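Chemist: Questions regarding the structure given below will be posed in turn.
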């Protein structure tokens, strides 16, 4: 409690201050004020006069549509600062000017200041399309929401106006620096936003991933724990959620380290956003964080679709192995982008074309980008993608360009973050343009099992592919007579003479690309077919020649990558000691003849067992082009008889599988139980 003399002194001081304020002439009433120049501040004009202790402002805005206008003296060019600053907002409908505290970027975050004593309003008017208000304040900050004014030092002056009745979101805003003592207008400082931080964090993360990948690929090629061991064991039977169970059972330890680095990147980005915007409300902060998490996902998801051998150099893998990360990141983007959109829509019109917030984003462009990417995500659902693959593929092509363009227009942060991914994608795309010069005329053959044989004419290029491509490599194929735009991946098979590449493609559904090729070949028997070839791509997860034995499990047309491996072995058999054990199951005996010219006779070092699962009984045989009869067993292979440790005692064994998911899954499960290295050859469209 204050003693009585102290109370009397405080009352006296307040009385004297009030009396001084009443007796001190108003700065705004000075004759010098009217002759001060009016300075253009955006669409406003501002006139000021400074005395030793006070300053007067006259603000005018000529606009037939403006409903309110505002002026703020701020510690920075940001609307939201720490601590919060205030603004004088003139409401034309009420013809009043009041102090408002700026706590958030939405109109709900702008509240009337409880203490209005720091503002002395001298005049307000709204007539003939001109909004005008004049006010006076002290140079010393009259409240915690005000800033001190030094007439000799430029002051941040923020302005805004709205064409809808207050309270509403501004139509336009801006910031300048004005030396209030001299009336000198300075260049405005840029908004303190989180523009480049996310890009820098993402770049550092990717650089670390690449460094670890180079070490594991080149210095640690023998690190089985990193390169072969999976995080979770595979399941023997089909799991309820295969898109989850298969993904985690295929995830190698090395890949898991990459995922951990990505998660750390997301956490770092979230922390950086929180540090940059410490006073943001919970919803605003969540909107910012989710937006930047979506941006990180967008940065990284573009990289896996950049096809090229650079992935083999850096990570020892290939495009089809890392495309799963593209799918995962797409789901992350969809969730984060949806959260960002919903939270943003609570405070701003998402169809607005005005710059919004400290990030200076254009909401409409972000909304268009979201619609483009989100619709891509919906079409990427497994059932839709597989059933309507052509629709998915072409829509993906068009919508991705639209989404990227509008995402770049949405925010500077996106522009900075997407520089590296777009450069990588652009360079690899330019490199792939040479594909259009890899044109071959070949005479295809149609087999009764809905299979088409395409063999490229031997040339220097095909011989080079044989020498330099990886085993089980695949090529993207385009056949202009069937479709000018469609490209599909198929395993390339080294021909038995080692001079060219052949393809065996099988139609699985009416109306599909291969079905159209098959029908065209049947209708134009003996006619040459133009084939465009993009490749080679792909690298097996195991180096087959580092094993004593390799078990090859194939189902149906899944024989094609195994054929490539066998024919490569045919060329290298004097120098290679690896033994190959092929187990191939088909639905009909005629299916064995679809590749007879590529498979038979079997080279030394290859033992093959064939199965026909046509529901019949008893083993039988089929005659091949050489006149020889090839025996086959009825039913499916019993894999535990062939993938076990007793059969390969103290041998280093690798297993490769390609075919129906259940066959591949069982081969993977048994390989894991035997601690055999495993490679899955699957084209998942």
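Including glycine, each Cβ sits where the backbone N, Cα and C put it.
Heads up, TrEMBL stuff is auto-annotated, nobody curated it.
OK, TrEMBL features for this one:
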type	residues	note
DOMAIN	40-162	domain 'DOMON'
DOMAIN	417-543	domain 'FAD-binding FR-type'
SIGNAL	1-21	signal peptide
TRANSMEM	195-216	transmembrane segment
TRANSMEM	256-277	transmembrane segment
TRANSMEM	289-307	transmembrane segment
TRANSMEM	328-350	transmembrane segment
TRANSMEM	362-384	transmembrane segment
TRANSMEM	391-408	transmembrane segment
TRANSMEM	414-431	transmembrane segment
Chemist: What average pLDDT does the predicted model assign to the domain 'DOMON' (40-162)?
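Modeler: On average, pLDDT over the domain 'DOMON' (40-162) sits at 93.
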Chemist: Mind checking which residues of the chain, 6+ beyond the ends of the transmembrane segment (256-277), have their Cβ under 8 Å from one of its Cβ atoms?
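Modeler: Answer is 80, 192-194, 197-198, 201-202, 205, 208-209, 212-213, 226, 231, 284-285, 288-289, 292-293, 296, 300, 325, 358.
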Chemist: Applying the under-8 angstroms CB criterion, which one of 195-216, 391-408, 414-431 scores highest with the transmembrane segment (289-307)?
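Modeler: Looking only at 195-216, 391-408, 414-431, the most contacts with the transmembrane segment (289-307) come from 414-431.
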